[in-house]
Each structure stands twice: as C-alpha cells, then as structure tokens.
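Okay, so here's the structure we're looking at.
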Amino acid sequence: MSFPASETDLGAGVSASPTSLATDGGRSGGGRSRILRFAVPVFMLVLLVAAWSLYVAAYDVPHYILPSPRRVAEALVADWSVLGPALLVTLKITFLALLIALVGGVALAVLLSESRLAELALYPYAVILQVTPIVAIAPLILIYVPSTQAALLICAWIVAFFPVLSNTTQGLKSTDHNLLDLFRLYGASRWQTLAYLKMPNALPYFLAGLRIAGGLALIAAVVAEFAAGSAGAGSGLAFRLIESQFRLNIPRLFAALILLSMTGVLIFAVTSFVSHLLLRRWHESALKREV
Amino acid sequence: MLQSSREPMTQAAPLISLRHVSKRFANGTLALNDLSLDIAQGEFVSLLGPSGCGKSTALRIIAGLANASGGKLEWPSASGATPVAEHGAEISFVFQEPTLMPWATVFGNVHLPLKLKGVSRTAARDDVMAALDMVGLAGFADSYPRELSGGMKMRVSIARALVTKPRLLLMDEPFAALDEITRFKLNNDLLHLWSTFGWTVIFVTHSVFESVYLSNRIVVMAARPGRVVEDMTVDAPYPREEEFRTSSLYNDYCRKASEALHRAMEASEGS
Ligand SMILES: Nc1ncnc2c1ncn2[C@@H]1O[C@H](COP(=O)(O)OP(=O)(O)O)[C@@H](O)[C@H]1O
Ligand SMILES: [Mg+2]
C-alpha cells in the first residue's frame, strides 16, 4: 500500500519554486501594478507642483515669501555653480560618515557580541553618545577639531553609527540556538560560527540599521553644519541654506532644500534597494506574498 | 569487528554506554537521575516518555552538547580511551525543527557539515548530491528552505545529518511537527536508509506508534527526575512496511509500550 498524498509533499514544493513565483507574478497583473507604482507618485508630484504654481499666480505671492516652482527651478540652474559644489560637500560628508559608521558599527558589534567584558565596558558609552543630542555636542567638537570638514564628519558619524551598532549586535545575538548547537557538534571554530552563522543571521538586522543610519547621517551632517555655519566656515548645502535665508534669497533657499530632500530620498532608495537585493531570496521581509 | 546485523548485540561491546548519568541544571531541576544505558552498534533505539522526562537532555549529553553533572559516558567499542569529544565526527543530530539556514540553498545547508571541515563546494558536490538523492530531493538543490514544505525541510535536515556518513544518528522528535501522512512516509524512508547503511539510531519520540514501528528497542522514561523505567525489545522482523502497521504483532507491541508509558506517567506524577 502506498500513500499517494505523500506526493503532495513534493508537489507543494514545486508550485512554490522560484521560477513559478516569477511567472505567476507576471500573469496576475504584475505589469499593471508596476506601472501604477510609478504613475501614482509621479501624478501626485505633478498635481502638487501645479497647485503650488497656481496658488502663487492666483494670489500674486511675492517671490521672497513663496517663489513659484518656475523661479525655484531657475534658481537651481542659475545658482548651480554655488549649489553644485555645496551638494558635493554634503554628499561627501554624509557618505563618508555612513561608510565609517558601517565599518565601525559592525566591527564594534562583533566585538561586543563576542566579548561580554567589551560589552560591559563599551556599550554604555555608545548609548550615552547616542542619547545626547548632536546639536549639543557639535559646538564642542567644532572647537576641539581644527578642520570643520573633519568635525562635521565626526558629528554625522556619531549619529549614524549607533543604529548600525545596536541592530547588528541584536542580529548577532539572536542566532538560532539549535543552529549554534549544530555548529558546535560539527566542531566549527569561533571564526566559522561568526562568518557562516552569526553574520548572515545578522544581515537583515544590519540592513535595517543601515536604512536608519543613511537618513540620520544626512540629518546630522546638516545639523552639524548649522552649528558650524554660524562660525562662518562651511560650504555644504546647509550653509547655503542659512546664507540664502540671511540674504532673503528664497528661491535659492528652496532650491537648496529640494537638493537636500532629494539626497535623502536617494539615500533611502539606494539603501532599500541594496537591502532588497541581499534579502530577496530568503528573508520574509523581502518576499512577495501570493494570494 | 561487529557485523551489520539488525539484532541488538548485547554480548559485544556496546557503541556507547551511559553509566549512572545525572544532570542537574543551574536552576536546580534534576533532569536526569542515575541513567544507565548501553546502546549496541546498529541498534534502532527509541527513547519514549512524557514531555519533560529528560529525553532531549540525554540526547544532548550523548552528542557532547551538554555535560553530565554525574556519571559518565563511554565509547567502549572505540580503540583505547579516546575522549568523548573525538566522536563528534561520527555523530549527527536531527532536531525537532528542521533548523536550516534560511539564507543558504538546500545544497548549501547540506554542504555545511563538510564546509566546516574545510571541504570545498566542488569537492563536496558528489557527497552532497548523494545525500540529497537519499532523501529524494536531488532536484531541489538550488531551492531555498522557505520554498519547501515542512516535510521537505525535514528531509533536508536528514540529508545534512547523513552527509558526514555518521556512525550514530541522534534524532530528537524529528517528525513531531509534521502531519501524519508525511510522518509515515518519512518513517519508511528512515527505516529504509537505516537498513541500507546500518548506523546506530537513537530516536526520541513521545509517540508509542512511531516508536514501535521504527525501533528494535524501546527505552521508556519517566519524569521528575528523568530515569529509565522500562527497556523493551520489539522483536519484529525488518523490513517493516505499511502492512506492519496493521499487523497484530504491531498492535501487541503498541499495547505493551502504551502500558509502559502509562506506568511511566503514573510514576512521574507520584514523585
Ligand atoms: N536549560 C535548561 N535549564 C533548566 N531546566 C531545563 C533546561 N533544559 C531542560 N530543562 C528541564 O529539564 C527537564 C527535562 O527536559 P528535556 O530533556 O527537554 O525533556 P524532554 O525532551 O523529555 O521533554 C524538564 O523538566 C525541563 O524543564
Ligand atoms: Mg525534548
């Protein structure tokens, strides 16, 4: 006697194999939903800019109060020689801070999760650094560090580093106990356990930390530059923003603001995309649910 | 040397021997008390008992994943006095959960034990594919665990246990979370593999039917403190197929084991 139903065991797996996932997605209107995903936000944006434009024209709002989208666009082009380099400076600080935060955050997370002593000694200070508002620390750093660029970098790093550290530590520590036992049973070295088990397990946590850190690095770079800007030594977007405010050059202020938010959106998009690429095959968060 | 006969060989030196083993956890729980057990080469032994009677603890001690608080664990058939730790290479463990790495493919998961011993992907390919073939999953080498059903994940877990060609296979309620049809199928597959390769299996279960169907020896345990209360032989010939499940011999053994389990549970409550 045989159990025909045992074949469903395999059958279920076949229907859930990755290829069929893709084709099913294509058939069940995946194309349409993709168009919608781009069309709706673009349409919203057009609507918003049109409303803004109409409002300024209808009420004859002076450009030093609220410039029309057209004026902002003109300022963006005309002042590019000022705004472009400023954008570059802000981007450089943000990404460099993020990079150091990633390397440092992961390295420290590994240290803290591998050594209880290091955790007891260092973690409280990481928390203190995190909970103290960066605007309050920035002036001190600006005094102690001779180069403004370096000071800004340190500020952005302090803020971006903590989410990476805390998330990665959490991920390293939440490794399945049975898998840890299995590694022990097979005589895995400490390094093998870290590289083949704990690190991959921490990846989704790390990537969540990365997404937060990316946004925070930009915010911190701007806030720190505000603090430094009053000292008159900045040339990033934040400094241009304040400068425009002083000079009542509102179109340029808007242009700088748009560049900043676009930078933020870009960082978010890039980090989300990287996260999706790394997790799409296996992590629940990146998988499409089929109904 | 021992031949690969299916009969328990009480006269030959046992493969492993637990001598008055006890285990007390840091919180004071006495999980095992004075457990003595000889397991012969080639035996299929089931540890049967109510939950909390120390079955998992006993298995973990045998695997070297936990230390006994008292008594000792010996490998008498091994040459000389090899320390227990050196038998790690010969032991495989299958947990109740499939315990697969979600980020690795089926191939990657089965490759793991060999990878940890420094065998590269290419060098391990044949062994890994052979192990997957044994459990009928050769076509799924590139799938990820989440694309598989519960039964298939368990098969991957078994393939990973087999890839090192272990001498001793420890299984901790491996099929408890599966539906009955899948469980029966995997029972048959396991018996088939066991009769082909002749490893020693220690199989933890709380199912009377499963223990009778699979094993040639059932060790019944009671809880608080964990101890052996009955050690019965299931004297039914292999290969056992589905007909065995409906035979009167099977029924008799199930009744015997069931009674022993009830006595064990009463003994647990009485203490
Ligand atoms: N790590 C632990 N710390 C404290 N008590 C434990 C631990 N693991 C198991 N126990 C206790 O030991 C006893 C036996 O557990 P276990 O071996 O898991 O039983 P079984 O597998 O038979 O259900 C139970 O009472 C359980 O609560
Ligand atoms: Mg258990």
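Heads up, the Cβ atoms here are built off N, Cα and C, so glycines get one too.
According to TrEMBL, the feature region 'Disordered' maps to A:1-30. Annotated transmembrane segment per TrEMBL: A:35-58, A:86-110, A:122-144, A:150-168, A:205-233, A:253-279, in sequence order. Positions annotated as domain 'ABC transmembrane type-1' by TrEMBL: A:87-271.
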Range from A:35-58, A:205-233, A:253-279 with most C-beta pairs under 8 A to the transmembrane segment (A:122-144): A:205-233
Recorded stretches the transmembrane segment (A:253-279) and the transmembrane segment (A:35-58) touching, at least 3 CB pairs under 8 Å: no
Cβ contacts under 8 Å made by the transmembrane segment (A:205-233) with residues that lie 6+ beyond its boundaries: 90, 93-95, 97-98, 101-102, 105-106, 134-135, 138-139, 141-142, 148, 151-152, 155-161, 163-168, 170-171, 174, 239, 242-243, 260, 263-264, 267-268, 270-272, 274-275, 278-279
